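J.: A single structure is presented below for examination.
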Ligand code: CP
Ligand code: NVA
């Protein structure tokens, strides 16, 4: 059935062509915004934003992005909703679909997102789950290409915890056809399910225990917190992750013009040192800005606007 809307659940759920179209649109919208042009294709539309975990960037960039598109937002926190008192996701999806025009959710188990998408009759956007963070990676690919051109065949290196941001980066490596080295300590590997999907879809991924090996000759070095929100049970202790810290010595193994990326918030002195995150390779605030532009294009894609 050709619905008049689409969900943005995961990079694996979209074709390479759709993802590329979204990035092209994000760049065009960014340029038009900087040129002072106003376009309000979503006037009269309301986006409900459900947060079951904290957020700074996602919350503000979706809110501002929806307003720039002419729409409005409704901020909902899980604890203040009946969702926090065991109302089902399915019932919540059906009710919200009677009021609002789209739903964005940041939640825990990935199945909560998928269940919401299954039962909603308006677009659903993944704003982070325990498993994935696709909006972040769309902003990151956009950022890489703004600085260095097409991402295809480039070498990305991930070092640290095998978490939700990495899973989306793995999906992106298949969809955008770049190489990806992953260095994680034993017990912090990315989920086999995401690894299998990426490899079955042509991703060129190499797993190693050595951050030095992973970063050698890389075009882009990426890391994230060693303990994700709600994942405290997976915490390994800083000493386990210390060899995976992105510091000046590790960064020196990458290409001289390599970029450094981090979705933020950063735990300075843990997964990254000040000299790297504040240094010449770092594009972390460009990534944060591009969340706004990429998500406006994602929202527009969902509405076919
Ligand atoms: N990177 C990111 O999603 O940041 P927030 O948790 O602040 O939204
Ligand atoms: N991996 C982090 C990303 C935060 C934006 C977390 O899930 O907490």
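Heads up, residue numbers simply count up from 1 along the chain you see.
Any Cβ shown, glycine's included, is placed from N, Cα and C.
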J.: From the candidates 126, 164, 290, give the one listed by TrEMBL for the same L-ornithine site as 224, 228, 229.
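T.: Answer per TrEMBL: 164.
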J.: Which of the binding-site residues 164, 224, 228, 229 has its Cα closest in space to the Cα of residue 82 (carbamoyl phosphate binding site)?
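T.: So, spelling it out, the nearest of the binding-site residues is 229.
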J.: Reported as an integer number of Å, what is the Cα distance between residue 263 (carbamoyl phosphate binding site) and residue 224 (L-ornithine binding site)?
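T.: For residue 263 (carbamoyl phosphate binding site) versus residue 224 (L-ornithine binding site), the Cα atoms are 7 Å apart.
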J.: Could you give the Cα-Cα distance between residue 291 (carbamoyl phosphate binding site) and residue 224 (L-ornithine binding site), in whole Å?
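T.: So the alpha carbons of residue 291 (carbamoyl phosphate binding site) and residue 224 (L-ornithine binding site) sit roughly 16 Å from each other.
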J.: With the cut-off set at 10 Å between Cβ atoms, which of these binding-site residues ends up with the most neighbours? Options: 57, 133, 291.
T.: 133
J.: Given residue 229 (L-ornithine binding site) and residue 55 (carbamoyl phosphate binding site), what distance in Å do their CA atoms have, once rounded to a whole number?
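T.: For residue 229 (L-ornithine binding site) versus residue 55 (carbamoyl phosphate binding site), the Cα atoms are 10 Å apart.
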J.: Excluding near sequence neighbours, so keeping only residues 6 or more apart in the same chain, what lies with its CB under 8 A of residue 164 (L-ornithine binding site)?
T.: 128, 129, 130, 131, 132, 133, 228
